[in-house]
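K.L.:
Pulled these from Swiss-Prot:
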type	residues	note
MOD_RES	THR187	FMN phosphoryl threonine
TRANSMEM	20-40	transmembrane segment
TRANSMEM	42-62	transmembrane segment
TRANSMEM	89-109	transmembrane segment
TRANSMEM	123-143	transmembrane segment
TRANSMEM	214-234	transmembrane segment
TRANSMEM	242-262	transmembrane segment
TRANSMEM	267-287	transmembrane segment
TRANSMEM	301-321	transmembrane segment
TRANSMEM	322-342	transmembrane segment
Amino acid sequence: MVFRIASSPYTHNQRQTSRIMLLVLLAAVPGIAAQLWFFGWGTLVQILLASVSALLAEALVLKLRKQSVAATLKDNSALLTGLLLAVSIPPLAPWWMVVLGTVFAAIIAKQLYGGLGQNPFNPAMIGYVVLLISFPVQMTSWLPPHEIAVNIPGFIDAIQVIFSGHTASGGDMNTLRLGIDGISQATPLDTFKTSVRAGHSVEQIMQYPIYSGILAGAGWQWVNLAWLAGGLWLLWQKAIRWHIPLSFLVTLALCATLGWLFSPETLAAPQIHLLSGATMLGAFFILTDPVTASTTNRGRLIFGALAGLLVWLIRSFGGYPDGVAFAVLLANITVPLIDYYTRPRVYGHRKG
(Lines of atoms letter the chains of each structure in order from A and count residues from 1; the text may use other names and numbers.)
(Lines give C-alpha, C1' and ligand atoms only; values in the text may rest on other atoms or scores of the structure.)
Protein backbone atom coordinates (compact mmCIF):
# COMPACT_ATOMS: atom_id res chain seq x y z
CA MET A 1 0.00 0.00 0.00
CA VAL A 2 1.26 3.47 -0.91
CA PHE A 3 0.68 6.35 1.48
CA ARG A 4 0.69 9.93 0.20
CA ILE A 5 2.52 12.38 2.47
CA ALA A 6 0.85 15.78 2.44
CA SER A 7 2.25 18.99 3.87
CA SER A 8 0.48 20.99 6.54
CA PRO A 9 -2.09 22.37 7.16
CA TYR A 10 -3.70 18.92 7.45
CA THR A 11 -7.18 20.30 8.21
CA HIS A 12 -7.30 22.07 4.84
CA ASN A 13 -10.78 21.67 3.29
CA GLN A 14 -10.38 21.65 -0.49
CA ARG A 15 -14.09 21.97 -1.25
CA GLN A 16 -14.62 24.86 1.18
CA THR A 17 -11.55 26.71 -0.12
CA SER A 18 -12.63 26.22 -3.72
CA ARG A 19 -16.13 27.52 -2.92
CA ILE A 20 -14.85 30.65 -1.18
CA MET A 21 -12.45 31.43 -4.01
CA LEU A 22 -15.28 30.94 -6.52
CA LEU A 23 -17.53 33.31 -4.55
CA VAL A 24 -14.78 35.95 -4.59
CA LEU A 25 -14.37 35.50 -8.35
CA LEU A 26 -18.13 35.94 -8.84
CA ALA A 27 -18.19 38.99 -6.56
CA ALA A 28 -15.53 40.60 -8.76
CA VAL A 29 -17.90 40.69 -11.76
CA PRO A 30 -19.40 44.16 -10.98
CA GLY A 31 -15.93 45.68 -10.53
CA ILE A 32 -14.62 44.08 -13.71
CA ALA A 33 -17.70 45.24 -15.64
CA ALA A 34 -17.21 48.81 -14.40
CA GLN A 35 -13.54 48.82 -15.40
CA LEU A 36 -14.44 47.44 -18.83
CA TRP A 37 -17.04 50.18 -19.26
CA PHE A 38 -14.82 53.08 -18.24
CA PHE A 39 -11.38 51.88 -19.40
CA GLY A 40 -12.11 49.58 -22.31
CA TRP A 41 -11.39 46.01 -23.36
CA GLY A 42 -7.79 46.02 -22.19
CA THR A 43 -8.89 44.93 -18.71
CA LEU A 44 -10.42 41.74 -20.11
CA VAL A 45 -7.28 40.96 -22.13
CA GLN A 46 -5.12 41.44 -19.02
CA ILE A 47 -7.39 39.13 -16.99
CA LEU A 48 -7.11 36.39 -19.63
CA LEU A 49 -3.32 36.74 -19.81
CA ALA A 50 -2.95 36.74 -16.03
CA SER A 51 -5.27 33.77 -15.53
CA VAL A 52 -3.46 31.59 -18.08
CA SER A 53 -0.06 32.66 -16.71
CA ALA A 54 -1.06 31.88 -13.12
CA LEU A 55 -2.41 28.43 -13.99
CA LEU A 56 0.63 27.48 -16.09
CA ALA A 57 3.13 28.80 -13.53
CA GLU A 58 1.52 26.93 -10.65
CA ALA A 59 1.13 23.77 -12.74
CA LEU A 60 4.85 23.85 -13.56
CA VAL A 61 5.89 24.21 -9.93
CA LEU A 62 3.46 21.53 -8.76
CA LYS A 63 4.82 19.18 -11.41
CA LEU A 64 8.39 19.84 -10.26
CA ARG A 65 7.33 19.22 -6.65
CA LYS A 66 5.57 16.01 -7.74
CA GLN A 67 2.22 17.13 -6.39
CA SER A 68 -1.20 16.69 -7.93
CA VAL A 69 -1.69 19.48 -10.45
CA ALA A 70 -5.41 19.01 -11.08
CA ALA A 71 -6.35 18.70 -7.40
CA THR A 72 -4.43 21.81 -6.37
CA LEU A 73 -5.55 24.05 -9.23
CA LYS A 74 -9.18 23.20 -8.46
CA ASP A 75 -9.02 25.46 -5.39
CA ASN A 76 -9.30 28.49 -7.79
CA SER A 77 -6.64 30.43 -5.86
CA ALA A 78 -4.41 30.72 -8.94
CA LEU A 79 -7.25 32.29 -10.93
CA LEU A 80 -7.96 34.74 -8.11
CA THR A 81 -4.29 35.77 -7.89
CA GLY A 82 -4.22 36.44 -11.63
CA LEU A 83 -7.49 38.36 -11.57
CA LEU A 84 -6.50 40.63 -8.66
CA LEU A 85 -3.22 41.52 -10.34
CA ALA A 86 -4.85 42.05 -13.74
CA VAL A 87 -7.45 44.54 -12.48
CA SER A 88 -4.76 46.43 -10.54
CA ILE A 89 -2.57 47.32 -13.51
CA PRO A 90 -3.31 49.75 -16.38
CA PRO A 91 -5.54 48.06 -18.99
CA LEU A 92 -3.13 48.64 -21.88
CA ALA A 93 0.09 47.70 -20.09
CA PRO A 94 2.40 45.54 -22.28
CA TRP A 95 1.50 41.84 -22.27
CA TRP A 96 4.84 40.75 -20.84
CA MET A 97 4.31 42.85 -17.72
CA VAL A 98 1.19 41.06 -16.54
CA VAL A 99 2.79 37.71 -17.41
CA LEU A 100 5.94 38.59 -15.47
CA GLY A 101 4.01 39.89 -12.46
CA THR A 102 1.68 36.90 -12.37
CA VAL A 103 4.47 34.33 -12.70
CA PHE A 104 6.41 36.08 -9.92
CA ALA A 105 3.32 36.13 -7.72
CA ALA A 106 2.47 32.47 -8.33
CA ILE A 107 5.97 31.00 -8.05
CA ILE A 108 7.99 33.29 -5.77
CA ALA A 109 5.29 34.78 -3.54
CA LYS A 110 3.15 31.65 -3.21
CA GLN A 111 4.59 28.28 -4.25
CA LEU A 112 8.09 29.01 -2.95
CA TYR A 113 6.59 29.16 0.57
CA GLY A 114 4.78 25.85 0.09
CA GLY A 115 1.59 26.91 -1.66
CA LEU A 116 -1.81 28.13 -0.53
CA GLY A 117 -2.08 28.51 3.23
CA GLN A 118 1.63 29.00 3.87
CA ASN A 119 2.48 32.25 2.06
CA PRO A 120 2.92 35.19 4.50
CA PHE A 121 2.33 37.91 1.88
CA ASN A 122 -0.51 38.49 -0.55
CA PRO A 123 0.84 37.07 -3.85
CA ALA A 124 -1.04 39.45 -6.14
CA MET A 125 0.28 42.49 -4.26
CA ILE A 126 3.82 41.12 -4.33
CA GLY A 127 3.54 40.83 -8.11
CA TYR A 128 2.06 44.33 -8.35
CA VAL A 129 4.80 45.94 -6.24
CA VAL A 130 7.54 44.19 -8.23
CA LEU A 131 6.07 45.64 -11.42
CA LEU A 132 5.52 49.09 -9.93
CA ILE A 133 9.10 49.38 -8.68
CA SER A 134 10.59 47.92 -11.86
CA PHE A 135 8.41 49.69 -14.45
CA PRO A 136 6.94 52.82 -12.80
CA VAL A 137 6.09 54.61 -16.06
CA GLN A 138 4.10 51.75 -17.56
CA MET A 139 2.42 50.99 -14.24
CA THR A 140 1.10 54.54 -13.89
CA SER A 141 -0.06 54.94 -17.51
CA TRP A 142 -3.80 54.67 -16.93
CA LEU A 143 -6.23 55.67 -19.65
CA PRO A 144 -8.72 58.47 -18.93
CA PRO A 145 -12.26 57.18 -18.29
CA HIS A 146 -14.27 57.11 -21.52
CA GLU A 147 -16.39 60.09 -20.45
CA ILE A 148 -13.38 62.43 -20.63
CA ALA A 149 -11.31 60.55 -23.24
CA VAL A 150 -10.61 61.80 -26.76
CA ASN A 151 -9.62 58.41 -28.17
CA ILE A 152 -11.49 55.30 -27.01
CA PRO A 153 -9.72 52.11 -28.16
CA GLY A 154 -11.90 49.22 -29.33
CA PHE A 155 -11.26 45.54 -28.71
CA ILE A 156 -8.84 45.09 -31.64
CA ASP A 157 -7.01 48.32 -30.78
CA ALA A 158 -6.62 47.17 -27.17
CA ILE A 159 -5.08 43.87 -28.27
CA GLN A 160 -2.72 45.62 -30.68
CA VAL A 161 -1.54 48.14 -28.08
CA ILE A 162 -0.98 45.42 -25.46
CA PHE A 163 1.02 43.20 -27.83
CA SER A 164 2.71 45.76 -30.11
CA GLY A 165 2.42 49.17 -28.42
CA HIS A 166 0.45 50.73 -31.29
CA THR A 167 -3.07 50.73 -32.71
CA ALA A 168 -3.80 49.87 -36.35
CA SER A 169 -3.87 53.59 -37.19
CA GLY A 170 -0.48 54.18 -35.57
CA GLY A 171 -1.70 55.62 -32.28
CA ASP A 172 0.25 54.92 -29.11
CA MET A 173 -0.26 55.32 -25.37
CA ASN A 174 0.51 59.04 -25.52
CA THR A 175 -2.43 59.71 -27.85
CA LEU A 176 -4.75 57.31 -26.05
CA ARG A 177 -4.08 59.02 -22.71
CA LEU A 178 -5.24 62.44 -23.96
CA GLY A 179 -8.28 63.86 -22.22
CA ILE A 180 -10.87 66.29 -23.52
CA ASP A 181 -8.62 69.16 -22.44
CA GLY A 182 -5.78 67.90 -24.66
CA ILE A 183 -3.64 66.94 -21.65
CA SER A 184 -2.45 63.43 -20.82
CA GLN A 185 -4.60 62.14 -17.99
CA ALA A 186 -3.64 60.30 -14.81
CA THR A 187 -5.68 58.81 -11.98
CA PRO A 188 -7.44 61.21 -9.57
CA LEU A 189 -4.94 60.41 -6.80
CA ASP A 190 -1.92 60.84 -9.09
CA THR A 191 -3.31 64.09 -10.52
CA PHE A 192 -3.95 65.52 -7.06
CA LYS A 193 -0.50 64.64 -5.72
CA THR A 194 1.34 65.94 -8.80
CA SER A 195 -0.68 69.15 -8.99
CA VAL A 196 -0.26 70.00 -5.29
CA ARG A 197 3.49 69.54 -5.58
CA ALA A 198 3.44 71.82 -8.63
CA GLY A 199 1.89 74.56 -6.50
CA HIS A 200 -1.66 74.42 -7.82
CA SER A 201 -4.50 75.21 -5.43
CA VAL A 202 -7.14 72.64 -4.56
CA GLU A 203 -9.75 74.91 -6.16
CA GLN A 204 -7.82 74.79 -9.44
CA ILE A 205 -7.27 71.03 -9.21
CA MET A 206 -10.97 70.34 -8.71
CA GLN A 207 -11.66 72.01 -12.08
CA TYR A 208 -9.67 69.36 -13.96
CA PRO A 209 -11.78 66.99 -16.11
CA ILE A 210 -10.67 63.97 -14.07
CA TYR A 211 -12.66 65.38 -11.11
CA SER A 212 -15.88 65.87 -13.06
CA GLY A 213 -17.54 63.04 -11.13
CA ILE A 214 -20.34 63.63 -8.65
CA LEU A 215 -18.42 62.35 -5.62
CA ALA A 216 -14.81 61.86 -6.65
CA GLY A 217 -12.83 61.21 -9.84
CA ALA A 218 -14.64 60.66 -13.14
CA GLY A 219 -15.17 56.97 -13.72
CA TRP A 220 -13.20 55.93 -10.67
CA GLN A 221 -16.05 56.63 -8.25
CA TRP A 222 -18.29 54.16 -10.13
CA VAL A 223 -15.53 51.57 -10.32
CA ASN A 224 -15.09 51.78 -6.56
CA LEU A 225 -18.84 51.61 -5.96
CA ALA A 226 -18.97 48.50 -8.15
CA TRP A 227 -16.22 46.84 -6.08
CA LEU A 228 -18.13 47.91 -2.96
CA ALA A 229 -21.26 46.18 -4.28
CA GLY A 230 -19.29 42.99 -4.86
CA GLY A 231 -17.77 43.25 -1.39
CA LEU A 232 -21.16 43.65 0.26
CA TRP A 233 -22.34 40.55 -1.57
CA LEU A 234 -19.34 38.66 -0.17
CA LEU A 235 -20.35 39.76 3.32
CA TRP A 236 -23.92 38.62 2.68
CA GLN A 237 -22.62 35.25 1.49
CA LYS A 238 -20.40 35.09 4.63
CA ALA A 239 -17.36 34.48 2.45
CA ILE A 240 -15.53 37.25 4.33
CA ARG A 241 -15.99 38.90 7.73
CA TRP A 242 -16.84 42.54 8.30
CA HIS A 243 -13.99 43.42 10.67
CA ILE A 244 -11.22 44.18 8.17
CA PRO A 245 -13.23 46.16 5.55
CA LEU A 246 -14.97 48.23 8.21
CA SER A 247 -11.88 49.09 10.24
CA PHE A 248 -9.91 49.82 7.06
CA LEU A 249 -12.52 52.18 5.58
CA VAL A 250 -13.33 53.89 8.89
CA THR A 251 -9.65 54.52 9.63
CA LEU A 252 -8.96 55.77 6.11
CA ALA A 253 -12.01 58.06 6.24
CA LEU A 254 -11.10 59.36 9.70
CA CYS A 255 -7.48 60.09 8.79
CA ALA A 256 -8.50 61.70 5.50
CA THR A 257 -11.13 63.87 7.21
CA LEU A 258 -8.77 65.06 9.94
CA GLY A 259 -6.00 65.73 7.44
CA TRP A 260 -8.33 67.60 5.13
CA LEU A 261 -9.72 69.73 7.97
CA PHE A 262 -6.23 70.71 9.13
CA SER A 263 -4.71 71.16 5.67
CA PRO A 264 -7.40 71.49 2.96
CA GLU A 265 -4.94 73.10 0.54
CA THR A 266 -2.52 70.18 0.42
CA LEU A 267 -4.44 67.03 1.37
CA ALA A 268 -7.24 65.33 -0.55
CA ALA A 269 -10.81 65.28 0.74
CA PRO A 270 -12.09 62.01 2.26
CA GLN A 271 -14.40 61.16 -0.65
CA ILE A 272 -11.42 61.18 -3.02
CA HIS A 273 -9.60 58.69 -0.80
CA LEU A 274 -12.64 56.45 -0.43
CA LEU A 275 -13.77 56.44 -4.07
CA SER A 276 -10.50 56.60 -6.00
CA GLY A 277 -7.70 54.17 -6.68
CA ALA A 278 -7.93 50.64 -5.29
CA THR A 279 -9.74 51.53 -2.05
CA MET A 280 -12.78 49.25 -2.30
CA LEU A 281 -10.88 46.54 -4.15
CA GLY A 282 -8.35 46.52 -1.34
CA ALA A 283 -10.93 46.66 1.45
CA PHE A 284 -13.04 43.70 0.35
CA PHE A 285 -10.94 41.59 -2.00
CA ILE A 286 -7.28 41.96 -1.03
CA LEU A 287 -7.02 42.69 2.69
CA THR A 288 -9.56 39.96 3.49
CA ASP A 289 -7.29 37.22 2.14
CA PRO A 290 -7.70 34.56 4.87
CA VAL A 291 -4.12 33.32 4.49
CA THR A 292 -2.25 36.60 4.98
CA ALA A 293 -4.65 38.52 7.26
CA SER A 294 -5.05 38.28 11.02
CA THR A 295 -7.07 35.32 12.29
CA THR A 296 -8.68 36.77 15.43
CA ASN A 297 -11.56 39.25 15.47
CA ARG A 298 -9.65 41.86 17.47
CA GLY A 299 -6.65 41.21 15.29
CA ARG A 300 -8.68 41.78 12.14
CA LEU A 301 -9.83 45.16 13.44
CA ILE A 302 -6.23 46.15 14.21
CA PHE A 303 -4.99 44.77 10.88
CA GLY A 304 -7.59 46.70 8.88
CA ALA A 305 -7.03 49.92 10.83
CA LEU A 306 -3.26 49.67 10.33
CA ALA A 307 -3.72 49.20 6.59
CA GLY A 308 -6.10 52.18 6.43
CA LEU A 309 -3.60 54.40 8.25
CA LEU A 310 -0.75 53.27 5.98
CA VAL A 311 -2.78 53.92 2.82
CA TRP A 312 -3.52 57.48 3.92
CA LEU A 313 0.10 58.14 4.93
CA ILE A 314 1.50 56.83 1.64
CA ARG A 315 -1.06 58.69 -0.46
CA SER A 316 -0.59 61.94 1.43
CA PHE A 317 3.15 62.00 2.08
CA GLY A 318 4.73 59.12 0.15
CA GLY A 319 6.16 58.91 -3.33
CA TYR A 320 3.36 56.79 -4.80
CA PRO A 321 -0.17 58.05 -5.55
CA ASP A 322 -1.98 54.91 -4.35
CA GLY A 323 -0.58 53.05 -1.36
CA VAL A 324 -2.92 50.05 -1.12
CA ALA A 325 -0.41 47.43 -2.27
CA PHE A 326 2.37 48.68 0.01
CA ALA A 327 -0.05 49.02 2.93
CA VAL A 328 -1.25 45.43 2.46
CA LEU A 329 2.28 44.02 2.44
CA LEU A 330 3.41 46.10 5.43
CA ALA A 331 0.32 45.01 7.35
CA ASN A 332 1.03 41.38 6.38
CA ILE A 333 4.38 41.66 8.18
CA THR A 334 2.64 42.51 11.45
CA VAL A 335 0.13 39.63 11.37
CA PRO A 336 2.14 37.19 13.57
CA LEU A 337 2.62 39.90 16.19
CA ILE A 338 -1.03 40.98 16.06
CA ASP A 339 -2.25 37.39 16.37
CA TYR A 340 0.12 36.73 19.27
CA TYR A 341 -1.27 39.59 21.36
CA THR A 342 -4.93 39.16 20.37
CA ARG A 343 -5.31 35.39 20.62
CA PRO A 344 -8.13 34.32 22.96
CA ARG A 345 -7.14 33.28 26.48
CA VAL A 346 -7.08 29.52 26.95
CA TYR A 347 -9.85 28.45 29.32
CA GLY A 348 -8.48 27.90 32.80
CA HIS A 349 -5.30 29.91 32.22
CA ARG A 350 -4.55 33.33 33.61
CA LYS A 351 -3.80 36.28 31.40
CA GLY A 352 -0.16 37.13 30.88
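One-based numbering along the chain as shown.
Backbone N, Cα and C atoms are what each Cβ position is placed from, and that goes for glycine too.
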K.L.:
Should anything in the same chain at least six residues away from the transmembrane segment (42-62) have a Cβ under 8 Å from its Cβ atoms, list it; otherwise answer none.
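P.N.:
Distant Cβ neighbours of the transmembrane segment (42-62) are 32, 35-36, 68-69, 72-73, 78-79, 81-83, 85-87, 89-93, 95, 98-99, 101-103, 105-107, 110-111, 143, 153, 158-159, 161-162.
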K.L.:
Among all protein chains shown, how many Cβ atoms are found within 10 Å of the Cβ of THR187 (FMN phosphoryl threonine), not counting that one?
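P.N.:
Its Cβ shell of radius 10 Å holds 22 other Cβ atoms.
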K.L.:
Using Cβ distances below 8 Å and needing 3 or more such pairs, separated by at least 6 in sequence, tell me whether the transmembrane segment (123-143) contacts the transmembrane segment (242-262).
P.N.:
no
K.L.:
Given the transmembrane segment (267-287), which of the listed stretches 20-40, 89-109, 322-342 has the most Cβ pairs that are under 8 Å apart from it?
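P.N.:
So the stretch in question is 322-342.
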K.L.:
Under 8 Å between C-beta atoms and at least six residues away from its ends: which parts of the chain pack against the transmembrane segment (20-40)?
P.N.:
47, 75-77, 79-80, 83, 87, 91-92, 142-143, 145-147, 152-154, 158, 219-220, 222-223, 225-227, 229-231, 233-234, 237, 239, 280-281, 284-285, 290
K.L.:
According to DSSP, folded down to helix, strand and coil, what is the residue listed as 'FMN phosphoryl threonine'?
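P.N.:
Coil, per DSSP.
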